[in-house]
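Reading through the structure tokens given below for one structure.
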Ligand code: FBP
């Protein structure tokens, strides 16, 4: 196989580890006090009868437990995030440090591999070929949810057949919730298989007091910020385009916020603020148009606007509209399916409530078509396919036309639209992610060695050098609450949205007025893997601000 010069050089990079793990994964375990849950304590306790209340663990170097040989399984779950391969490499090395004969099996294509018994044994050659690389292609990933007793039983059978006594599930909030359900199932049925989770997602929404960040967020934001910086420079060179850039992040706006902090665009919308202020789409459009007009009056008919992928679902009136459309089209599925595309739009306009029909009517024709035609197998609107960046660009153009007619805008408004998402998910991990991921995996081996289950691997204090990182384990039940999902109360890890009273947003809010008026773009450039520490060993602005006292 031919590999790039960078991949070759990068393969030799030795990720840093917290001091507790520097001598191997056989660690001394310090137990904190018993824990509870973030909310709905009694309900969580009742569901997780045997795993609830475990203590927070911190590790120190120098454990003395005798490590018998074990087999371990690992699964990548959900969307790709840079550094997944390093979690597996860290886990592999950590297991080998416990006992050279330990084996690691990778279940293929995500949780499906566990349920369908598709796996491969991971060897030195496979691991070495994937060290410090992006992607999940070593074993693949998938979005199957592990949640039924039948799946748990299949997991038991397939683990037992391979002699697996511990599973590591690398995933986001839902996957870790399911890891915890599986841990509870095994423990409550006296099945001796441990389950450990690792926090993954570029979206950055799996974090709390104990889990500082999900891996992949750092690298993905750096890739997007490089591109945004390049676009900003192009905009400032040609001075003729407004660039509307949608950024991935299914729900929370952490990516948009971090990229704004890194690049200082003229506009960055934060969905959580839109929801908090109950903003209408019209108000968002008005605000953007006001910035465009003000810059134009100052001779700058160009700019950069960042739009989070999840925005549309945070606009209260659009949320209602989508839910009505889902119900309306599902209730009339047969009739609607037989209609021409454009007739579906007419049907929606005629049958939505007055309020939603009015909102629907304000949307550009292309978006109306998308809302009525691009539907998932359950008949629901595929929100992630909606081209919000195009929609806003068109709506702002319409608004500016009206302003021109009133003499309130006298400039030019030409747009370019972009969507940055997939290009960031498989980038070679930054030093931060390479180190953090390797440590998370190695630490998962330490949790296994310590005989724990239902824990998430935790590496903290990561704004400091790795020599000060703190390794340990956090009971997953501690991060849970009950939420209503598809009409049922479910225990889930609470998703971390952008906190409007948090330091990252406060800093952004204090600067955005200036960034709107001026051209204050910052050009972060590409991720640096080699060179001076001040360009190679960066930490996200979000984390730096969150951790600042
Ligand atoms: P995870 O939460 O599984 O990490 O995935 C996040 C994400 O990258 C979102 O940002 C995006 O909305 C979604 O996955 C895209 O999913 P898909 O790969 O199925 O198109």
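Note that the numbers count up from 1, one per residue, in the order the chain is shown.
Yeah, the Cβs are placed from backbone N, Cα and C, and that goes for glycine too.
All TrEMBL annotations are machine predictions without curation.
Counting every protein chain shown, the Cβ of residue 79 (diphosphate binding site) has 20 other Cβ atoms within 10 Å. Residues or ranges marked as diphosphate binding site in TrEMBL: 79.
The annotation substrate binding site is assigned in TrEMBL to 201, 202, 203, 240, 241, 248, 249, 250, 309, 422, 423, 424, 425. Long-range C-beta contacts of residue 425 (substrate binding site), restricted to its own chain and to partners at least six residues apart, with a cutoff below 8 Å, comprise 79, 80, 81, 82, 134, 202, 216, 220, 248. Annotation note: residue 425 (substrate binding site) sits in a helical segment as assigned by DSSP.
Positions annotated as domain 'Phosphofructokinase' by TrEMBL: 71-447.
According to TrEMBL, the feature site 'Important for catalytic activity' maps to 200. Sequence-distant contacts (6 or more apart, same chain, Cβ under 8 Å) of residue 200 (site 'Important for catalytic activity') comprise 76, 77, 78, 81, 83, 84, 87, 170, 171, 172, 175, 206, 214, 215, 216.
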Original post:
Which residues, sitting 6 or more apart from residue 309 (substrate binding site) on the same chain, put a CB under 8 Å from its CB?
Top reply: 246, 247, 248, 249, 250, 384, 388, 421
